[in-house]
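K.L.:
Just dropping this structure here.
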Amino acid sequence: MINLRKTHPLMKIINQSFIDLPAPSNISAWWNFGSLLGACLIIQILTGFFLAMHYTSDTLTAFSSVAHICRDVNYGWLIRNIHANGASMFFMCLFLHIGRGIYYGSYLYKETWNIGVILLLTVMATAFVGYVLPWGQMSFWGATVITNLLSAIPYIGTTLAEWVWGGFAVDKATLTRFFAFHFILPFIITALALVHLLFLHETGSNNPSGINPDSDKIPFHPYYTIKDALGMTLLLLMLLLLALFSPDSLGDPDNFSPANPLNTPPHIKPEWYFLFAYAILRSIPNKLGGVLALLASILVLLIIPLLHTANQRSMMFRPISQTLFWILTANLITLTWIGGQPVEQPFIIIGQLASILYFLLILVLMPLAGLFENYMLKPKW
């Protein structure tokens, strides 16, 4: 009898993606984050769906509706805590997934990498509009500060900002459209993730050594299905520990106060996963310059494949590049810390130095290290 999973039009796609897919035999736990991101996306869509049943996107009732979800809806507090902290887990997995791609040279699969960068931007947009929805103080002022950056665009800036707001300031129209965006974007993310997977399966996975693994492949199931299941169990455990024991530890206390346009919080800052970009934005005294640096901090990922100078794909056997990679990691942690600090010395100068180092590492030092490693590997006799 012919196996149904190999002949049925729909089952065949699933089979070729998750069952009979030939996978390198040596991929480490750093390759788990793709499936974990998929799990995060499903968790966020499901919890978000149940939250949307009870949420009202009106400035007068949004804050109260979130309180109602937590107080009166069956397990509403749990659904909301999983959704809020699920976003943090999502970004944690995203950053590790991108870091893995940079370390092991996965960015040389250019189409997969570029779709990945577009996915990152889309997830960031989704998280931003989602943070505005509870209509607390930090929701309102975060939306005001970030959307105001559009006004830095020459000539059309003010018109563009007012068009996004749907008025002359962040108000009811803004909240309503942000809810609409927050509802539709996860489905766009799902579609992009499938395209991401499509391009990945054109080439097959990279592996820690960076060498072509075609000579040694194993089936995805059962080896990597069980490995992914373990990863998902640990992810779920961490998410539940966070959501049940300290659900508000990553949030801002200001967001427990309803939005008030007449009272500005002393320190306006986004969620932790945006702080590195926020620090780069603030490190430039000029408004337009800051916006351009903010965009560049993410879009620089698109040119990483063009800056690959080394003869070896992976950093596994390149100690100088490894050192620079971990300096970049430490630098991003420093930027995240600075983004959460007030705008005063010594934080200003630390932020400016860290911002310069961020671009210097990616655009100059890492390509130079690749060239130097090539030179060192050449026989000298």
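Even glycines carry a Cβ here, placed using N, Cα and C.
Sharing the feature lines straight out of Swiss-Prot:
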type	residues	note
BINDING	HIS83, HIS182	heme b b562 binding site
BINDING	HIS97, HIS196	heme b b566 binding site
BINDING	HIS201	ubiquinone binding site
TRANSMEM	33-53	transmembrane segment
TRANSMEM	77-98	transmembrane segment
TRANSMEM	113-133	transmembrane segment
TRANSMEM	178-198	transmembrane segment
TRANSMEM	226-246	transmembrane segment
TRANSMEM	288-308	transmembrane segment
TRANSMEM	320-340	transmembrane segment
TRANSMEM	347-367	transmembrane segment
K.L.:
Any same-chain residues 6+ apart from HIS182 (heme b b562 binding site) with CB under 8 Å of its CB? Would you list them in sequence order, or say none?
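P.N.:
Looking at Cβ-Cβ distances below 8 Å from HIS182 (heme b b562 binding site), excluding near sequence neighbours, one finds GLY48, THR126, VAL129, GLY130, LEU133.
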K.L.:
Looking only at C-alpha atoms, tell me how far HIS196 (heme b b566 binding site) is from HIS83 (heme b b562 binding site), rounded to the nearest Å.
P.N.:
24
K.L.:
Report, as numbers and ranges, every residue of the chain located at least six residues beyond the transmembrane segment (320-340) whose Cβ falls under 8 Å of a Cβ in that stretch; write 'none' if there are none.
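P.N.:
Residues 99, 102-103, 269-270, 272, 274-280, 282, 310, 347, 350-351, 354-355, 357-358, 361-362, 365-366, 369-370, 372-373.
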K.L.:
Any same-chain residues 6+ apart from the residue listed as 'ubiquinone binding site' with CB under 8 Å of its CB? Would you list them in sequence order, or say none?
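P.N.:
Set apart from the residue listed as 'ubiquinone binding site' by at least 6 residues yet with Cβ under 8 Å, we have GLN16, SER17, LEU21.
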K.L.:
What Cα-Cα separation, expressed in whole Å, is found between HIS97 (heme b b566 binding site) and HIS83 (heme b b562 binding site)?
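P.N.:
Distance (Cα to Cα, whole Å): 21 Å.
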K.L.:
Would you call the transmembrane segment (178-198) and the transmembrane segment (226-246) in contact, using three or more Cβ pairs under 8 Å, pairs 6 or more apart in sequence?
P.N.:
no
K.L.:
Does the transmembrane segment (226-246) come close to the transmembrane segment (77-98), meaning at least 3 CB pairs under 8 Å for residues 6 or more apart?
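P.N.:
Answer yes, regions in contact.
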K.L.:
For the transmembrane segment (288-308), could you work out the same-chain residues 6 or more beyond its ends whose Cβ comes under 8 Å from its Cβ atoms?
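P.N.:
Tertiary neighbours of the transmembrane segment (288-308) are 98, 102, 105, 107-108, 110, 113-114, 117, 120-121, 124, 149, 152-154, 276-278, 280-282, 355, 358-359, 362-363, 366-367, 370.
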K.L.:
Short question: which residues 6 or more past the ends of the transmembrane segment (226-246) have a Cβ under 8 Å from it?
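P.N.:
For the transmembrane segment (226-246), the sequence-distant neighbours (Cβ-Cβ under 8 Å, at least 6 residues beyond its ends) are 29, 32-33, 35-36, 39-40, 43, 78, 81-82, 84-86, 88-89, 93.
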K.L.:
Near HIS196 (heme b b566 binding site), how many other Cβ atoms are within 10 Å of its Cβ?
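P.N.:
A 10 Å sphere around the Cβ of HIS196 (heme b b566 binding site) contains 21 other Cβ atoms.
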